[in-house]
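Chemist: Sharing a structure here in structure tokens format.
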């Protein structure tokens with residue numbers, strides 16, 4: 001079974017842990033408890049393929065930024081999360097993306113831009129178009145709006161990253177099955 005190392009990044013309070021826990025355990029975490037680092041594992045089926053996802057839920061606070069290079073070096077796919085209710089969290093993502101590209105030393109990194117808390121439409125300050133435009137600027141990066149509370153697009157975030165990783169590095173063994181050996 002193929003393993004995938006996914007990393008959830010973004011400012012403090014955007015809902016990184018809420019999205020991760022909702023995906024892994026099906027629970028909405030109501031209380032905000034700043035994360036230092038949590039790792040979760042979940043087996044899922046994506047496109048008829050069994051996958052083991054290792055999801056690293058990272059700290060959003062500035063005091064743990066030294067650990068980020070290590071997450072970025074080891075991660076295969078990245079969810080960059082902002083809150084649609086806080087413009088500053090959206091603005092912070094440009095630097096995070098640049099750091100990922102610098103650490104990975106390539107522009108071709110599986111990544112998805114996530115506007116979280118879309119259930120709080122009354123409090124929205126970051127328009128959906130802003131997210132779509134930024135994703136386009138980022139070499140047509142994938143983009144979704146989500147809500148951990150309302151279970152909107154939660155699974156899709158992680159499945160999309162798996163699909164991007166599969167496109168970038170096809171599943172070992174699949175290519176071999178296509179070729180055949182003929183003995184005469």
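Glycine is no exception: its Cβ is also placed from the backbone N, Cα and C atoms.
Feature table excerpt (Swiss-Prot):
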BINDING   10-18, 57-61, 116-119, 147-149  GTP binding site
REGION    25-67  region 'Interaction with KRIT1'
MOTIF     32-40  motif 'Effector region'
MOD_RES   39  ADP-ribosylserine
MOD_RES   179  phosphoserine
MOD_RES   181  cysteine methyl ester
LIPID     181  S-geranylgeranyl cysteine
Chemist: Pick out which of the recorded positions 39, 147 has the most other Cβ atoms within 10 Å of its own Cβ.
Modeler: 147
Chemist: How many Å lie between the Cα of residue 39 (ADP-ribosylserine) and the Cα of residue 147 (GTP binding site)?
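Modeler: Residue 39 (ADP-ribosylserine) and residue 147 (GTP binding site) have their Cα atoms 21 Å apart.
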Chemist: Run through the Cβ atoms and count how many others sit within 10 Å of the one on residue 117 (GTP binding site).
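Modeler: Around the Cβ of residue 117 (GTP binding site), 28 other Cβ atoms lie within 10 Å.
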Chemist: With H, G and I counted as helix, E and B as strand and the rest as coil, say where DSSP puts residue 13 (GTP binding site).
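Modeler: In three-state terms, residue 13 (GTP binding site) counts as coil.
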Chemist: Looking only at the motif 'Effector region' (32-40), what is the model's average confidence as pLDDT?
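Modeler: Mean per-residue confidence for the motif 'Effector region' (32-40): 75 out of 100.
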Chemist: If one looks at the chain holding residue 10 (GTP binding site), which residues at least 6 apart in sequence have a CB under 8 angstroms from its CB?
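Modeler: In sequence order, 16, 60, 79, 80, 81, 82, 89, 92, 93, 96, 114, 116 meet the Cβ cut-off.
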Chemist: Give me the non-local Cβ neighbours of residue 13 (GTP binding site): same chain, 6+ apart in sequence, Cβ-Cβ under 8 Å, ordered along the sequence.
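Modeler: When sequence neighbours closer than 6 are ignored, residue 13 (GTP binding site) has 32, 60, 83, 86, 89 within Cβ distance under 8 Å.
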